[in-house]
Amino acid sequence: MGIKHLFQVIQENAPDAIKAGDIKNHFGRKVAIDASMSIYSFLIAVRSEGQQLMSESGETTSHLMGMFYRTLRMVDNGIKPLYVFDGAPPKLKSGELAKRTARKAEATEAHEEAKETGTAEDVEKFSRRTVRVTREHNAECKKLLKLMGIPYIDAPTEAEAQCAVLARAGKVYAAASEDMDTLCFEAPILLRHLTFSEQRKEPIQEIHLNRALEGLGMDRKQFIDLCILLGCDYLEPIPKVGPNTALKLIREHGSLEKVVEAIENDPKKKYVIPEYWPYQDARELFLHPDVREADHPECDFKWEAPDVEALVEFLVKDKGFNEDRVRNGAARLQKNLKTAQQSRLEGFFKPVARTDEEKASLKRKHDEKLQEQKKRKKEEAKAKKEAKAKPRGAA
């Protein structure tokens, strides 16, 4: 699920933190990719007539088709992908996972009913909701990556957190995931839509954490508190607290402790905090996740030449893929992984840190922008009020 409405909040309050560009802009870069999120998106998106792709023996192959061709697309564009797989989820996440399982069960039942009585659109909608990534999907994707010569590692718990560690250490340029909570784990740069198909024509979103914090006027701890208020995988959200309210509460009170205190002491009882809401535990999971340090032996990785014949054996003979396409893909891998060894010019230079004066200037501009927005909203509200007060037919 990630963090609800976080992209919207950053887009509206820290637009300089987001860049949209073409996949070609990332030539020569190493990227750590959230594998489980990618596989889930492949299972949903790679379909034929509303159904997942199957081999002749009835095995699902959508995850392999997506992994093979989307990885090829990255390598064709000079990117060196590293996939990171989820480990065991933190205990605090078990409640959210239980809810997801229940929703899948409901969707499965609705899917069966739609097949009997519903429209094609209903069948497609509920079919997508039943999708879940299994151990078998993960194991087959790992086998495929090994044969392709693409490295992968297993995270102790959350893949996004491990991707963030590698990005902070400079072992990769960025972490790639659709989950915005990757920023909560302190990934300096988050790439979204990297594993989308070319047909979707979605630009790659590049989100810079330091610019987001500057634009929001927050430190990292406040940012995490904001994300918990917005709604994360570890806790159920506070009813009636949307993105604007969450942002206002953190800016006004500065921390979740003070937000909770203000809500509990509010005589109007406008918001009600859930009975079990261990926000401090959730914050701790974001601040100190269970990860391996970047210099750990299990975080060593390298790209190798594909094992062409073993790839053909697995994808063509076992899974029913087209042999010409698989061999063509293997040839592209061999050629383009060598090309991607070229260094980007930016790798020779270190970014210059902003001075205190520059930071103060940015904060001043941000505060001025906020004041302008507040003033505009007041004027709009006043104009609406005056328009309502006018009698009908009045000029």
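For all residues, glycine too, the Cβ spot is worked out from N, Cα and C.
According to Swiss-Prot, the feature region 'N-domain' maps to 1-104. Feature annotation from Swiss-Prot assigns Mg(2+) 1 binding site to Asp34, Asp86, Glu158, Glu160. According to Swiss-Prot, the feature DNA binding site maps to Arg47, Arg70, Glu158, Gly231, Asp233, an assignment based on sequence analysis. The region 'Disordered' annotation in Swiss-Prot covers 102-121, 348-395. The annotation region 'I-domain' is assigned in Swiss-Prot to 122-253. As annotated by Swiss-Prot, Mg(2+) 2 binding site applies to Asp179, Asp181, Asp233, with the evidence given as sequence analysis. Taken from Swiss-Prot, the feature region 'Interaction with PCNA' applies to 341-349. Residues or ranges marked as compositional bias 'Basic and acidic residues' in Swiss-Prot: 353-389.
Across the structure, Asp233 (DNA binding site) and Asp181 (Mg(2+) 2 binding site) are spaced 9 Å apart at their Cα atoms. Same-chain neighbours of the Mg(2+) 1 site beyond Asp34, Asp86, Glu158, Glu160, judged by a C-beta within 8 angstroms of the site's C-beta center, are, in sequence order, Ser36, Met37, Val84, Ala155, Thr157, Ala159, Ala161, Gln162, Cys163, Ser177, Asp179, Thr182. The Cα of Gly231 (DNA binding site) lies closest to that of Asp181, out of the binding-site residues Glu158, Glu160, Asp181. Comparing C-alpha positions, Arg70 (DNA binding site) sits nearest to Asp34 among the binding-site residues Asp34, Asp86, Glu158, Glu160, Asp179. With respect to their backbone Cα atoms, Glu158 (Mg(2+) 1 binding site) and Asp179 (Mg(2+) 2 binding site) stand 11 Å from each other. Shown are the binding-site residues Asp86, Glu160, Asp233; the one with the most C-beta atoms within 10 angstroms of its own C-beta is Glu160.
The secondary structure of Glu158 (Mg(2+) 1 binding site), as reduced to three states from DSSP, is coil rather than helix or strand.
Counting every protein chain shown, 21 other Cβ atoms lie within 10 Å of the Cβ of Arg70 (DNA binding site). Here the CA atom of Glu160 (Mg(2+) 1 binding site) lies 8 Å from the CA atom of Asp179 (Mg(2+) 2 binding site). Counting in whole angstrom, Asp86 (Mg(2+) 1 binding site) lies 14 from Asp181 (Mg(2+) 2 binding site) by their C-alpha atoms.
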